[in-house]
Amino acid sequence: MITIRKAEFVTSAVNIKGYPELTGPEIALAGRSNVGKSSLINKFINRRNLARTGNTPGKTQMLNFYRINDQWSFVDLPGYGYAKVSKEIKANWGKMMEEYFSRRENLRAVIQVVDIRHVPSVEDQEMHAFLRNRGIPVLVVATKADKISKGQWGKHLSQIAKALHIPDWHIIITYSAETGLGVPELHEAVEEILSMDNEDS
């Protein structure tokens, strides 16, 4: 487990002009609106309300930067897949993502958060393919596992792997921000990402 000595919100940004100048590796979180990215961050760092959670899908249309241990960063990306917003907002979201993924040099990996209860949406599939095509490492976390019985996990994880074309050897972390399920595994995966950065330096 990673020891979280310090965690703080840095800033929100809508384009590269607002990106903070942070050293060290950066890990982004992507997922549909209300899939639980903020809850995942809060549980990971063991802080209840550092990352703001919301009940309105599509409300947070900014990149939120969080600094961990003064060494590396989480970036909570705006949620996708919301239906009740204008085409202009959707277009702005696409532009925001393209700029971030192409210009953020210290991005090391993306944690893609999906809801274990549902087959990944078209938007989930498009995001996963987009990241893979760019050569960005993707770690899939299937959250809200407490909402279904343990006996159903295997079937649902298989559906997720099939929809996202994830090979059998690639790990999908079963996760619940409510119970803490999967937190040690996520810590281990993040630690591995960070250690790879240390090896390169």
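Glycine too: its Cβ is placed from the backbone N, Cα and C atoms.
Pulled from Swiss-Prot, these are the features on record:
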{"type": "BINDING", "residues": "31-38, 58-62, 76-79, 143-146, 175-177", "note": "GTP binding site"}
{"type": "BINDING", "residues": "Ser38, Thr60", "note": "Mg(2+) binding site"}
{"type": "DOMAIN", "residues": "23-196", "note": "domain 'EngB-type G'"}
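Structure with Swiss-Prot features highlighted.
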| residue | record | contacts (Cβ under 8 Å, 6+ apart) |
| --- | --- | --- |
| Gly31 | GTP binding site | Lys37, Leu77, Gly79, Tyr80, Gln112, Val113, Val114, Asp124 |
| Met62 | GTP binding site | Ser12, Ala13, Val14, Pro78 |
| Lys144 | GTP binding site | Val35, Gly36, Asp115, Ile116, Arg117, Tyr175, Ser176 |
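Across the binding-site residues listed here (Asn34, Ser38), the residue whose Cβ sits among the most other Cβ atoms within 10 Å is Ser38. Summarised as a single figure, the pLDDT of the domain 'EngB-type G' (23-196) averages 90.
Gly31 (GTP binding site) falls within a strand when secondary structure is assigned with DSSP.
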